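Record features, source TrEMBL:
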type: REGION; residues: 1-21; note: region 'Disordered'
type: DOMAIN; residues: 91-330; note: domain 'Sulfotransferase'
type: ACT_SITE; residues: 100; note: active site, for sulfotransferase activity
type: BINDING; residues: 100, 101, 102, 103, 104, 181, 189, 305, 306, 307, 308, 309; note: 3'-phosphoadenylyl sulfate binding site
type: DISULFID; residues: 288-300; note: disulfide bond
């Protein structure tokens with residue numbers, strides 16, 4: 001019976017390294033139970049795959065929750081907060097979209113600001129990991145001091161139907177940033193990323209249209225993401241337009257300081273990140289940081305950014321431009337911004 005306490009027992013998918021052979025374990029039963037509990041939690045997170053591990057937060061007596069709004073909402077859970085330098089708070093601002101629009105660049109530019117603390121990875125809480133709960137979500141966040149802003153970015157939120165309701169439930173005061181880009185070039189960039197991971201993928205044309213050059217296939221995510229007006233309609237059911245800032249992915253390349261300046265204004269921050277922080281890398285074709293956070297050396301985004309696009313026939317590009325035009329114009333009207341994609 002002594003062997004039944006080993007780490008090899010359990011669900012079967014989370015097996016320990018021991019085979020049950022060798023000298024019996026002599027560690028105290030309480031210690032073994034603790035180790036088994038930790039290993040079990042690790043295996044569960046590994047099995048779910050898409051959700052990042054939570055930070056280690058010490059167990060404390062219940063304390064007042066730190067929400068993004070000044071007063072706690074009626075019915076909001078009373079969760080413990082972490083001690084130490086600063087608190088883990090729910091994000092006051094989110095970069096919610098869009099994929100291949102320039103969200104990673106914007107996040108890295110904003111992280112230069114001393115009053116911005118941002119999660120580096122994409123937590124995917126409001127689309128994939130919502131069942132983990134708000135306490136788990138907040139445990140991922142960096143600690144912030146009073147006056148600092150907590151942020152995270154997950155571009156798939158913008159096209160996730162449940163995300164607006166879930167974010168509003170967390171805090172109706174959340175500020176929302178959407179980085180948008182010409183939907184045709186965005187779709188091609190999306191395809192290029194997928195192709196780099198899945199060689200042998202059908203051509204862009206074969207995926208974008210049904211039956212050759214028949215109707216545009218909006219079931220393909222690379223096409224569907226670019227229907228910005230439709231996605232925004234869902235968000236406006238929960239948040240007023242004043243809670244949004246729409247950043248041009250094109251201007252983020254041509255005038256990064258100008259676009260980042262708009263974001264700092266939107267967040268109520270002093271314009272600390274300016275043109276002195278950027279230089280244009282002609283090889284990559286987009287701006288890089290002269291001095292990255294925590295480093296004295298210039299830094300560009302990784303090699304996955306600025307990858308060459310596959311050649312797409314002009315007839316295909318034109319068909320897609322015609323398809324997106326009414327959606328683009330509606331989006332311009334909704335946002336009171338002309339992004340110049342037509």
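Each residue, glycine too, has its Cβ placed from N, Cα and C.
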Item to check | Rounded to the nearest Å - Cα separation of residue 102 (3'-phosphoadenylyl sulfate binding site) and residue 288 (disulfide bond) | outcome: 13
Item to check | Cα-proximity to residue 189 (3'-phosphoadenylyl sulfate binding site), 10 Å cut-off, over recorded positions 100, 288, 300 | outcome: 100
Next on the checklist: Whole-number answer please: how many Å between the C-alpha atoms of the residue listed as 'active site, for sulfotransferase activity' and residue 288 (disulfide bond)?
Outcome noted: 17
Checklist entry - Here are the disulfide-bonded residues: 288, 300. Which has the lowest count of other Cβ atoms within 10 Å? => result 300
Next on the checklist: What does the structure give for the C-alpha distance between residue 104 (3'-phosphoadenylyl sulfate binding site) and residue 300 (disulfide bond)? Integer Å is fine.
Outcome noted: 11
Item to check | Neighbourhood of residue 308 (3'-phosphoadenylyl sulfate binding site), C-beta criterion under 8 angstroms, separation at least six | outcome: 192
Checklist entry - What is the average pLDDT across the domain 'Sulfotransferase' (91-330)? => result 93
Item to check | Listed recorded positions (100, 104), ranked by Cβ neighbours within 10 Å, top entry | outcome: 100
Checklist entry - For the binding-site residues 102, 189, which one has its C-beta crowded by the most other C-beta atoms within 10 angstroms? => result 102
